[in-house]
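Report on the structure given below.
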Amino acid sequence: MTQDELKKAVGWAALQYVQPGTIVGVGTGSTAAHFIDALGTMKGQIEGAVSSSDASTEKLKSLGITVFDLNEVDRLGIYVDGADEINGHMQMIKGGGAALTREKIIASVADKFICIADASKQVDILGNFPLPVEVIPMARSAVARQLVKLGGRPEYRQGVVTDNGNVILDVHGLEILDAIALENAINAIPGVVTVGLFANRGADVALIGTADGVKTIVK
């Protein structure tokens with residue numbers, strides 16, 4: 001199976017967690033896009049979705065799925081999203097698609113975070129994938145200096161502006177042994193909106209696409 005076929009398999013597998021009559025939290029990226037396609041087959045059974053990016057909102061609406069502002073929603077049963085890396089503790093690096101802040105907000109509200117990923121995203125130690133940090137534009141250089149002190153090598157993601165109007169620094173060279181401590185440390189830097197470490201709020205369920213089928217891991 002190709003990588004895209006593995007992503008499609010886990011996207012469709014996540015449908016089993018969607019309860020009729022509910023509002024579903026939806027992530028961003030190539031794997032989440034397959035979940036949105038799958039969700040389109042249930043559009044008459046769900047109330048709608050909360051979206052983590054303008055791109056996902058556009059796709060949801062194109063399939064006839066109602067998109068709610070998070071402020072209108074009291075609770076979310078599930079949030080379904082991909083990951084750039086996921087470790088054995090169900091901690092993740094996310095933000096390759098620059099939607100990390102909205103993703104983290106929606107994940108924090110949801111009762112259950114379901115991570116959908118192909119097997120190439122599974123790692124023992126996080127950090128080989130550059131760690132994205134969303135930053136207020138005026139603080140870019142100041143934040144970069146602090147990230148160097150934490151042992152990283154930040155690179156400005158040229159030409160990318162987030163849906164929130166901010167910029168992204170991708171931090172290379174990190175071997176993340178204590179993901180919760182690093183998430184807290186980076187989030188404490190003035191000018192950081194959030195870091196793409198999902199450690200304090202990791203995944204509850206991981207659906208991993210493998211050549212032998214979809215593997216389910218429960219926290």
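Quick reminder: no glycine exception, Cβ is built from N, Cα and C everywhere.
Together with Thr28, Gly29, Ser30, Thr31, Asp81, Gly82, Ala83, Asp84, Lys94, Gly95, Gly96, Gly97, Swiss-Prot lists one candidate of Lys59, Lys61, Lys121 for binding substrate, that being Lys121. Most Cβ neighbours within 10 Å, among the binding-site residues Lys94, Lys121: Lys94 holds that distinction in the structure as shown. Counting Cβ atoms from all protein chains shown, Ser30 (substrate binding site) has 15 others lying within 10 Å of its own Cβ. Listed in chain order, the extra residues whose Cβ falls within 8 Å of the Cβ center of the substrate site residues Thr28, Gly29, Ser30, Thr31, Asp81, Gly82, Ala83, Asp84, Lys94, Gly95, Gly96, Gly97, Lys121 are Gly27, Ala32, Ala117.
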